Amino acid sequence: MAGQRVEVDGGIMEGGGQILRVSTALSCLLGLPLRVHKIRAGRSTPGLRPQHLSGLEMIRDLCDGQLEGAEIGSTEIMFTPEKIKGGIHTADTKTAGSVCLLMQVSMPCVLFASSPSELRLKGGTNAEMAPQIDYTAMVFKPIVEKFGFKFNCDIKMRGYYPKGGGEVIVRMSPVKQLNPINLTDRGSVTKIYGRAFVAGVLPFKVAKDMAAAAVRCIRKEVRDLYVNIQPVQEPKDQAFGNGNGIIIIAETSTGCLFAGSSLGKRGVNADKVGIEAAEMLLANLRHGGAVDEYLQDQLIIFMALACGVSRIKTGPVTLHTQTAIHFAEQLAKAKFSVKKSEDKEDASKDAYIIECQGIGMTNPYL
């Protein structure tokens, strides 16, 4: 089965861990042997970091593949996939590396496994530079399930920067194929809700302050909706280490979901964290898209694999999304187009339609 190795330049476009995630997942799914070079070439710490390594090792184990060059600091890997199998798969970043990013790389693969899977993912659940697990559960999950599959996401333990120590268990069954999606009608905002959390030694007042500041900020622009942000003290037995943060979600009449989130850092006051999340949400509501800027790139691989034409309306297309499209075209031979939205109501807005003719990947084992 091993044909010509596909060459991927890890230094172009987004130039980071995302190229690795998209290319190894597609390699695994399509049975394409892969060589990725110049991995994270432009980053301050070039090459593989612990969280990238744990993702690669997980993909290797998912499909009994071969992986060469996989060590911390390596800028080149070779990956030869075999057949994708279900069962229990564990990945541990040993750091605050994001469990959500581990989920991003493994989920498309196990959809096309021969039997149901359980992914045991360990690391940070609410970490910087990655989606928070609450975003994955509250926004990503309901939207990605429109492709015609279901998954269960069980948050066993929350983990924060710098210690990590979180654990999430994801369970899912394979599918025969994925349905295309159409997310172009945004509708009007009907609900705004969220959670502001503290864990460990941080006082509960911090959660209340984050929530109150976020509500005040949203009220300035959205006057006619009740904004329900719950302050939460994470139970001691469900959170490792100390952390605080907030996620706020807006739901629309057509079932679209948008989010804004922020994590506390040492020395940053609670109000500022709340306001940052609120402003991010409001920015995502202004552009007229039907998905927020964090969901864009996460949907690309599923659109590429689906059977038929998918369309999503977005705000400005992010570099992560452009990168995902580039590699979905190069590796999966899916066809994408990105055009400015021509809808009348988007005339004054920066809205785009991303359309994809999926390759209609079918599960060979079902």
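A Cβ is built for glycine as well, from the same backbone N, Cα and C atoms used for every other residue.
Whatever TrEMBL says is automated annotation, not expert-curated.
Taken straight from TrEMBL:
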ACT_SITE  HIS320  active site, tele-AMP-histidine intermediate
BINDING   GLN104, TYR294, LEU295, GLN296, ASP297, GLN298  ATP binding site
DOMAIN    13-338  domain 'RNA 3'-terminal phosphate cyclase'
DOMAIN    184-285  domain 'RNA 3'-terminal phosphate cyclase insert'
Query raised in the report: Among GLN104, TYR294, LEU295, GLN296, ASP297, GLN298, listed as contacts of ATP, what is the widest Cα spread in Å, to the nearest whole number?
Result: 13
Query raised in the report: Given ASP297 (ATP binding site) and HIS320 (active site, tele-AMP-histidine intermediate), what distance in Å do their CA atoms have, once rounded to a whole number?
Result: 6
Report task. Express the distance between the Cα positions of LEU295 (ATP binding site) and the residue listed as 'active site, tele-AMP-histidine intermediate' as a whole number of Å. Result -> 10
Query raised in the report: How many Å separate the Cα atoms of GLN296 (ATP binding site) and HIS320 (active site, tele-AMP-histidine intermediate)?
Result: 8
Requested in this report: Would you count the other CB atoms within 10 A of the CB of TYR294 (ATP binding site), including those on all shown protein chains?
Outcome: 22
Report task. Show which residues of the chain containing HIS320 (active site, tele-AMP-histidine intermediate), separated from it by at least 6 in sequence, have their CB under 8 Å from its CB. Result -> GLU14, GLN18, GLN296, ASP297
Query - Neighbourhood of GLN104 (ATP binding site), C-beta criterion under 8 angstroms, separation at least six - result: ARG21, GLN298
**Report entry** ATP site, defined by GLN104, TYR294, LEU295, GLN296, ASP297, GLN298: further same-chain residues with Cβ within 8 Å of the Cβ centre
**Finding:** PRO131, PHE140, VAL291, LEU299, ILE300, HIS320, THR321
Report summary line: Using DSSP three-state counts, the residues of the domain 'RNA 3'-terminal phosphate cyclase insert' (184-285) come to 37 helix, 37 strand, 28 coil
Query raised in the report: CB neighbours of LEU295 (ATP binding site) within 10 A?
Result: 25
Query raised in the report: If you draw a 10 Å sphere around the Cβ of ASP297 (ATP binding site), how many other Cβ atoms fall inside it, taking every protein chain shown into account?
Result: 22
